[in-house]
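Asks: Here you go, one structure.
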């Protein structure tokens, strides 16, 4: 095989500058096999670069699409059952009650602008059907202080900060002064009641420390990976073992989970899917059940991107994600039995809790096993 090829251009088809160039002068171009191999390689590199930018554009477009879909949906409190009942009991055309942020703002508004005797009384300037005060007076006093601070103390200054510090110190001194004057034993008695190690709660503290044994690993080997695992395990532990927790608190777990996406792509993608479906009851409460389409789209897209190694993992992953969507569809479309009106939210909670316990055990195992491998290498 020839290493090069030649072709000649006839000079009569080109303008020549002098008479010597009137004679036939061949023009040769040589192309080696190596050059011909390099050209496709460069082309492939360019295609990969273009694909990278195309993928970034696709992701940004998808984010914009999700934001647009969320924008046309209702907001918290717009179509809640409480609002529907309020519309039934009052005149039509009443504005929506919005959400909890509006409640806090409204309480600051009425406590600051109305006299105390009108805080809990329905009137022209205090419509009790629109986030009327339904908490004890201590909450009302707190709302008044917050409203006063917001309107009167919005400009930061060192003098204002010093005043706040003095108020805190004086308040602390006033609270503890009677016990301090009666001696150290009096103060110690208060501390014993605040930290009740002698009332049978010590075992609970031991169990709490056992659930957070990962802190020891983080202290002994402070690496970036251990820090991210500790954040996830800590947030998930407090979510699962808190005395009372709200569904949306699982978002505090999703934030550190995304930090572990490069190390554990499948586990994190799976956890985020269960996190989304676990809050579907809140979506139904606010009339945004259509968001289930986004949850399903997230599952289909991540299934195409994330590699699921092994047939067993493949089966568990897809069965889990599809079952989560099926539970949400059942809660949205089916009418529960009269005897068990909350059966579908209960099924969702049990299904999600089982998965969260699994992820807690999984990431605990990952952290301990990685530390054991490091220890084994050092001792071998």
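For all residues, glycine too, the Cβ spot is worked out from N, Cα and C.
OK, TrEMBL features for this one:
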TRANSMEM  53-77  transmembrane segment
TRANSMEM  164-191  transmembrane segment
TRANSMEM  227-245  transmembrane segment
TRANSMEM  251-275  transmembrane segment
TRANSMEM  287-308  transmembrane segment
TRANSMEM  314-334  transmembrane segment
TRANSMEM  346-365  transmembrane segment
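How buried are the listed features, and what sits near them?
Replies: Distant neighbours of the transmembrane segment (314-334): 266, 270, 273-274, 277, 280-281, 284, 289, 292, 295-296, 299, 303, 308, 344-345, 347-348, 351-352, 355; these residues of the same chain sit at least 6 beyond its ends, with a Cβ under 8 Å from one of its Cβ atoms.
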Asks: May I ask for the residues of the chain that lie six or more residues beyond the transmembrane segment (287-308) and have a Cβ under 8 Å from a Cβ within it?
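Replies: Non-local partners: 62, 66, 69-70, 73-74, 78-80, 265-266, 269, 272-273, 276-277, 280, 314, 317-318, 321-322, 325, 328-329, 332.
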